Amino acid sequence: MFSTLFSINSRRNLKAFIRKSVNLLENYTKQKLINHGNALHCHLIKMGLSSQKYVAVKLLIMYLDSRKSFEIDQMLKEFNGFNLVVQNCLINANLERGNVTDACQLFDEMPERNEVSWTALISGLLKQGNVDKAMFYFERNPFSNVFSWTAAISGLVQNKLSFQAMRLYKDMLRSRVLPNDITFTSVVRACVDLGDLGLGRSVLGLVVKFGFEDNLCVSNSMVTFFLRLGEYDSAKKIFDRMEEKDVVSWTTILDMYFEMGDLREARRIFDEMPERNEVTWSAIISRFSQSGDAEEAVILFRQMIQHQFKPNVSCYSSVISALANLEALEAGKNIHAHALKIGMEMNVFIGSSLVDLYCKCGNTKDGRLVFDSLPEKNVVCWNSMVSGYSLNGQLAEAIELFNQIPQKNNVSWNSLIAGHLGNKNFAEAFEVFNEMILSGEQPNKSTFSSVLSASANLASLEKGKYVHAKVFKFRFHHDIFMGTALVDMYAKSGSIESSRKIFNRMPTKNEVVWTAMIQGLAENGFAEESLRLFEQMELTSSIPPNELILLSVLFACSHCGLVDKGLHYFNSMEKVYGIKPNERHYTTVVDMLARSGRLSEAEKFIESLPNEPEANTWAALLSGCKIYGEERLAERAAEKLSVAAEKKPGGYVLLSNIYASGGRWIDVMNTRNLMNQKGVKKSGGCSWIEMRNQVHMFYSQVEIHTFSKDMYWVLQLLNGEIQSYFT
DNA sequence: ATAGGGTTAG
């Protein structure tokens, strides 16, 4: 099997043979093909090459890795000529397997040590995350060369100790050791992690001074530096000036356009770049998945496979995440099977996205199965499972799991808050938010958008104001999303002046803010102002009106009796704005006509509709008939309403309310009975007040409040007093 | 000894 290697007839061929053997041994070690390795070993012995230094070291590593103690002993006996190298090699092998104590003991017992021994030990310890021991040896290292300094600096950066890394870098310069290209790439990465623009610029100065500006790796890391600090122009400048560009440079610049939100330019670069590798594919797939285009991410994944690239861990996790967002369970299971096949299902990244996949598809049981099978869970795994339970309404499970998270982060809290929000437990969402603040966790924009939505739903001005103060305190008040959430919250809590103030102060306004403000005004009875704002939006911005804005406009017209104006807007919806009206628009138009007494017009309008209208539409007509005493039309509308009611559970409620307002109590009872028979659940009426920072809830028909008995007793007392006052 | 890509909340 090594026949191609046997034509050794010159010194040059011998060297090539040794190199090839070393490569083969490395591969056999990696793939655990010990039999192949053994065979090669035999051949090497026959050729008298088994004690050649490089070959012997690789053989030793292979036997160490497969724990063949007999062979190890045999080899160690042979190694008298280069003991030091073997010792270094043993130390390395121990460190790679995490045997820190053995490695250190071996090192301490060595009769002599060279530069490599020290550097190997220090960098190995840092790779194992044992910073203290590494620094202990670093301080005692008698050799002061670039390698050990660089090993220490890059090791610290890998352990996220960038500040210490920079301190070491300064010490290095002070002790007059010249940094090399690898030193600079590590140092630049430290600057990225520290987010210090000035520091990075000063490093760049030295890069130029020492003549490394044309080095590929150093330039690539500088591009990354400027990109991560948001200095896109500088990043682009360095990239454009680079004479030599490789896949890494192109992938970095590709990522920059995604970061800037310029998807088209990113796509153009991807299509036109001279070379791609699996990282490039991985980057574009994840970016498309993150920016909400899951379909494109999946298509790209398929293309990647077609181009014969082997997907790596990142790719798998990105594509699973994309499939989770598409709720594509079958395709996801397929990928799960692939991951199992190549033994990657235990990876935290893949595992987390698998948990997410099963939960997003409504299968929390399988999600939990994957979760439980993960041997090393990080906070993301926990968060995925918590939000998975939240998503499926299993809040008890979500809370229980949340409490078990060993090290929570703000996403953990956000997941639970969002869980309460999604299940309409607005007060609980608030409580969790308070706990979060008390625990010292930093809330972010997601936290606030959830909590502001919770206070909008509670319509609690007090709570809303409290959150607003926190938004201010954590300096998010200039953010457009926060502004929008605040405008909406104040509008829903009835403080339209505050909405107006925030809206007016926003320097840039997007579609959502305009929608929130126009809607807020319309729903709070400021119909004219709402219409004025709509007209202002049309004049001063390039934002096209959307469904919701037009609904608000119709609503406003209806409430200030501007029927013809409303009809005008309704008729322009499809023609001018290209928006197809939906059921709610129809209902608002009927409501508008009915309120102003144009009842026959309303009936004709309903007849002209493409589909049978929703129950609400008939209810709007019916209430108009009541105001204007149109008995016969009312009868027809009521009949239609009761037909429509059968289709939708909400219809019965509407019907019973209409009967109730007309005093037709027998019909009310009949409707209620019908609802019970059909098992229609009516969400109970609920009301609440806030007292001393506590919300007290009251439900119709059920006495849930702890003190309801006492309260009814007091009410009775008061009633008695009032009556005695009048008699 | 080094540069580019990854999972969760909204």
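Just so it is clear, glycine is given a Cβ too, placed from its N, Cα and C backbone atoms.
Please treat TrEMBL annotations as automatic predictions, because they have not gone through curation.
Small disclaimer: the values here were computed from a predicted structure and weren't measured.
Annotated repeat 'PPR' per TrEMBL: A:145-179 (among others), in sequence order. Note on the repeat 'PPR' (A:145-179): DSSP counts are 26 helix, 0 strand, 9 coil.
Helix first, then strand, then coil: DSSP counts for the repeat 'PPR' (A:246-276) stand at 23 helix, 0 strand, 8 coil. Annotation comment: TrEMBL describes A:246-276 (among others) as repeat 'PPR'.
Note on the repeat 'PPR' (A:277-311): its mean pLDDT in the predicted model is 93. Taken from TrEMBL, the feature repeat 'PPR' covers A:277-311 (among others).
Under the heading repeat 'PPR', TrEMBL lists A:378-408 (among others).
Here TrEMBL flags A:409-443 (among others) as repeat 'PPR'. Only residues 6 or more beyond the boundaries of the repeat 'PPR' (A:409-443), in the same chain, are considered here, and those with a CB under 8 A from a CB of the stretch are 379-380, 382-383, 386-387, 389-391, 393, 395, 398-399, 402, 450-451, 453-455, 457-458, 463, 467, 470, 474, 695, 697.
When DSSP labels each residue, the repeat 'PPR' (A:510-544) comes out as 27 helix, 0 strand, 8 coil, counted as helix, strand and coil in that order. According to TrEMBL, the feature repeat 'PPR' maps to A:510-544 (among others).
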Checklist entry - Which bits of the chain, at least 6 residues beyond where the repeat 'PPR' (A:510-544) starts or stops, bring a Cβ under 8 A of a Cβ in it? => result 480, 483-484, 487-488, 490-492, 494, 496, 499-500, 503, 551-553, 555-557, 559-560, 562, 565, 577
Checklist outcome for this item: Sequence-distant contacts of the repeat 'PPR' (A:246-276), meaning Cβ under 8 Å and at least 6 residues beyond its ends, amount to 216, 219-220, 223-224, 227, 232, 235-236, 239, 283-284, 287, 291
